[in-house]
Structure formats: C-alpha cells, structure tokens
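One structure is given here, and the rest of the page talks about it.
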Amino acid sequence: MQASQHINGESQDWSPTSWRSKPIKQVITYEDQAAANAACKRLSALPPIVTPTEIVRLKNSLRDAALGKAFLLQGGDCAELFSYCADEPIDAKMKLLLQMSLVLIWGSNKPVIRIGRIAGQYAKPRSSPTEMLDGKEVPSFRGDILNGYDPAHRRVDPERLVSAYFHSATTSNYIRAQLSSGFADLHNPIDWELGHVRDQELQSKYQTIVQSISDSLRFMNTIGADTAGQLQTVDLFTSHEGLVLEYEQSLTRSLKHPSGHKPSQPSPDRKGWYNTSAHFIWIGDRTRQIDGGHVEYFRGIENPIGIKVGPSMKNDELVQLLDIVNPSKEVGKITLITRYGADKVESMLGAHIEAVKASGHIVVWQCDPMHGNTRSTPTGIKTRSFNSIFSELSSALKIHKQHDSYLGGMHLELTGDAVTECTGGSEGLVDEDLSLNYTTYCDPRLNEKQALELAFLRGELTFIAAVELDAQDPAFASRLSSLGAVQPNPHYSPTSTSQFDPQRPRSTNEPSDMMQAPPASAFPDPRNNPVLQVLEARQRISDLADDEMRDVGRRGFAGRTYVDAGVITLALMKQVRGEPESRIEQALGIKKGRLSVLSRGTVGPVQMEG
Ligand SMILES: O=C[C@H](O)[C@H](O)COP(=O)(O)O
Ligand SMILES: C=C(OP(=O)(O)O)C(=O)O
Ligand SMILES: [Mn+2]
C-alpha cells in the first residue's frame, strides 16, 4: 500500500522505503551490508512494541496540549544504553517523571502528558564522525543501536539493530507491568519517595503536595467519588529520535486504525502506517532537511511526531516542513521542540510562532532548554548550567504569552541518578564538581534534584508570567482606574461638599439631571501616578534584563545584574544554607557583588510553618 501526497503540484508516493531515494544526513555505513539486510528482515518479522490504540491515545492527548488544555513533560537520557534496561534505572526514571508531573499539575492546574526518552533512545546524531578518547582518535559513539562506547566496539555492528529491539521491548514491558501493578497509583504517591534528594526545602515542598493529594483522595473516598479506577495508574508513553531509518522502517506496519480514530490519511481498508517502535518519535535538528530522507520517512506515519527546531531554522522553512509532514493540518500531530539557547530564544521564537500561526498549523510548542545550552568547561567537559536551562524555559514561556500562544511542554535530558553533569541548581554544582559523578555517554543530564527544582520553578513561572502580563496589558491601567487607584474614586458621602462628587446633594436651583463634568485638571497627571510609574519602571527593568540576556554566555560577560524571581529564590535558598556569596554568584551566573544588595534585608526567603 502506498500513500499519496501532492507537493508543488506533483503527486508524491510514500512508502516505508521511499526515504531511501532521498539524500540523507548522519549516514550509517554498514561494512557488512548483507548482515544489515538480514537484521532488518528479522526486525520486520517481530511483533509491534506499541499499538495503534496507544499511539492514538497519545495523539488525542497532544491535541489538548496544542490547544492549551494540557502540558507535555518529556524527559530521559540523552543516550540510553542497553545496560539501563534493568529494574533500578527504569524505576528511578519512572519515579522522577511521576514526581515531576505531580509538581507540574500542581503548578499549572492542567493535566500532564508524560513521555519518556526511554525504551529506544539508542541512536545519537554526532557533530563529528570521530572523537578523542584518552588521547586517541576513534569513531564517535553513535549510540548502542549502532556501536559500543568501549573504544574496542566502535565499528557499526548490524546485530545491534536487533538487540535494540529486544532492549526496547523489554523496557516497555517492564514499564507497562509496573504501571498496571500500582506503581503510579495516586493513592500511594508517598512511595515515589525522593531517591537521593536530601534538600529539606525541596523535600518539604514535595511533601506538602503529596499530603494535600492524600487529603483530597481521602475526602473523595469518604464521599464515594473515588470509584472510577482512574487514579490507580497513569500513561507513560515512550519516545526516541527516529535517526536510524532502516530500524524505523522495519517496525513500520500497516495496521487497522482504532475504532473512532479519524486518520490523517484515510484509506479504503481503514488501515494506516504506524511506527510501532515507540509512541512518539522525533526528527533531530541535524536531520530535518526538507528534501532529506528523514522528513520523507516521517511524513508517512500516523504517529504524533516531533521536530527539533534550532537557531538555523528559517521561518518559511519551518512552515514548508509543517506542510510536508502534516498536509491535512491535524491539530497536535506535530510537536515543535524549540532549542535555540538562552541567548537566542528572544530573537527567534516570536517570529517562529507568528509564522506558524499565519500558516494555520496548530502545533504543540515544546521547549527543549538543554540542547542550545551545551558548553565545554576549560578542561573540555561537556556541561550545561541550570541557570541557562531555566532562563531559556522562562523566556519561552514569556514569549508564548506575549504572542498569545501556549507553551505546551518541556523536553529535558534527565536521570533519576545523583549525577553531576549540569552545573548550578540549589546544590550549586560548579565546574570542579562535575567529575564527582559524571556518567553520561553523550550530553549532560539534570539529576533528580535539579529536574524536580525545574518542575517547581516551572509552576512558579506560571504565576510570575500572569503578573507580568497584567503589567504589560494596556487595559490594566484602565482597570486600575475603575478600581480607583488611578483616578479619585467618586464616593458618596452625605456630608461631601466637593463639587466633583457625583452624589453630592445638589443645590435646589440646579436641575436634578445635571451632572457637571469635572475640569480635566481635577485628575492627577497620569505621569505622576505612582501605579503607572511602577509599571513603567518594571518595563524599563525588563528591557534592560532582556538586553543583558543577549550577552549571557559570551566571552567576557561579567554575570547578570538583573535576575528573575526563580534565580533570586535559588540564591536565597543557598544563602540560608550558609553558602558564601561569591560561590552562589558564580554558580548562578550573577554579577560579582550583586548578592550583597539582597543581604541588606531587601528580600528574604518565605519560611513555611509546620
Ligand atoms: O544529543 C544530542 C547530540 O547527539 C549531541 O548534542 C551531539 O553531541 P556532539 O556535538 O558531542 O557530537
Ligand atoms: C540530538 C538531540 O537533540 P538535537 O537534535 O536538538 O540536537 C537530542 O535530543 O538528543
Ligand atoms: Mn542530547
């Protein structure tokens, strides 16, 4: 069966193999092509790992995220190894995603859709075909699906394609089994204890949420409203980058659509092409060329898909891409995973949002604040700072609000282990700490504590963004005015003698319906109005902060003078723990000496009682 689509007026047939006639990036050369063909043949005969019913369930949820009614949390390793297919690492990641989603639901009051970068995230696109390892140049590690991290196993081995399938299937099976055995039962969120998080503040914030959920559940149980069984488990979908197309092709099957599903490409046999290797796959920033093999493959499948959008993406190119992969403009079919970097998001995201809006596509906008913020330490260790990650996320949220758009999700590289791969966070990890427990095989991940902190801060951002939006709203001043803060509030006082009091008893020789208009000079000059002055000052500060953000990460940048509430919160938490100011400033990227302003009693952390 072939699907047909019109591009530039020409009919373009699609099949699971049509990508093979297109140019491709990140080419894989199998020394033994016959062995690669045999591996693909074997894969084609194996059963699906996920089913159309599950895929369509995710698709429907993502539609909600595109429409602003749900939030998508996607996270997991940069490079998942076959050796992570074991109960402990899988449990740790599931727990972390569940903990984060609880916090996010709490913060956003919206349902959270969970997708793991798990059960198949085995392929890595690399910047260079070779890398230096212990002073020797070796072929780059391209993920367990192709070669091994051990320098002795860097040759691409086709047997690994089959091995990837079995590790993926085993991981998926364990996730499903755990979920159906009460792992995610909302009645026991206490069981998702914070593994290695010893931070008292974070522990108690989390416990407050858990306690409150337990109280609500007890109440629902008492009144008999807790009987639908929906609280016993949640969905946790799987995803990976669809990089190795021979693997993806082998698991692409023509299957019956679930009943009630309206396919994007209807066919008489009510079947469609489903990628059964994962619920969701995405195209990487390095392989999203309009005329390339990856875009060709992705345009034919029913699954919801992601596209990474980096700083080199042009506005018209983005729209062209959407038209190719989603010609019927299905709402939420595409998740645009933006990853510009904290220093570029301000100059790029707004234009992308406007271009997509004008095209009529309705996508899930997801922020990946990791991949545009990778840097090397002077000793050559790849890292990312919590500050830049948080900064890109908060900018994305703000920009979406400004453009009347919705930030529908976040995409993170994280692990449930106590790794030291990203700097910053409330622990204040610095470059020198990275070697303590640096175990990633590709990009630096947030550890459990940093990931959870980010979820809490994301919740707080919703609140801050709402306040900021009010401040920028031109109607705000007029609303204030009607509340009386800007203009004198006409009030009734039986003894009032003011000629401007509308309810003042009139003199008998004034007609009763005559309401004297007060002279303009009776109102204070708005330029002197304290409320408007505060709003203007806030705007000026916000502009200065935006200017400063553009320099973050540049050589010679002395640190930020203007930081947001999230960073101040982190700084205060560290201060309370007695960390020296200079260390806090360094860890959070704040300009030297700025913290002393806070120490003068201007701001203090709020203490929770009990
Ligand atoms: O995960 C993303 C990419 O594979 C990764 O950032 C590439 O890293 P490299 O630049 O070290 O190849
Ligand atoms: C390779 C990745 O990202 P990007 O394509 O955005 O660089 C990734 O998500 O691991
Ligand atoms: Mn990565």
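Glycine too: its Cβ is placed from the backbone N, Cα and C atoms.
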**Request:** According to TrEMBL, ARG117, ARG339 bind phosphoenolpyruvate; identify which of LYS93, LYS95, LYS308, LYS314 is listed for that same site.
**Result:** LYS308
**Item:** Site-mate of CYS78, HIS371, GLU413 for Mn(2+) in TrEMBL, selected among ASP32, ASP316, ASP323, ASP443
**Value:** ASP443
**Request:** Go through the binding-site residues ARG117, LYS308, ARG339 and pull out the ones with a Cβ less than 6 angstroms from some atom of ligand 3.
**Result:** none
**Complete:** Same-chain neighbours of the Mn(2+) site, Cβ within 8 Å of the mean position of the Cβ atoms of CYS78, HIS371, GLU413, ASP443 and not counting those residues, run in sequence order as MET370, THR374, CYS442, PRO444, ARG445
**Item:** Those residues of the chain, 6+ apart, with a Cβ under 8 Å from that of ARG339 (phosphoenolpyruvate binding site)
**Value:** ASP285, LYS308, VAL309, GLY310, CYS367, ASP368, PRO369, MET370, HIS371, GLY372, HIS411
**Item:** Least buried by Cβ count (within 10 Å) of the binding-site residues GLU413, ASP443
**Value:** ASP443
**Message:** Which binding-site residues from the set ARG117, LYS308, ARG339, GLU413 have a C-beta atom lying less than 6 Å away from ligand 1?
**Reply:** none
**Message:** Please identify which of ARG117, LYS308, HIS371 has the densest Cβ environment, defined as other Cβ atoms within 10 Å, among these binding-site residues.
**Reply:** ARG117
**Fill in**
For phosphoenolpyruvate, with binding residues ARG117, LYS308, ARG339 per the record, max Cα distance (Å, no decimals) returned as 16
**Fill in**
From CYS78, GLU413, ASP443 (binding-site residues), the ones whose CA sits within 10 A of ARG117 (phosphoenolpyruvate binding site) are CYS78, GLU413
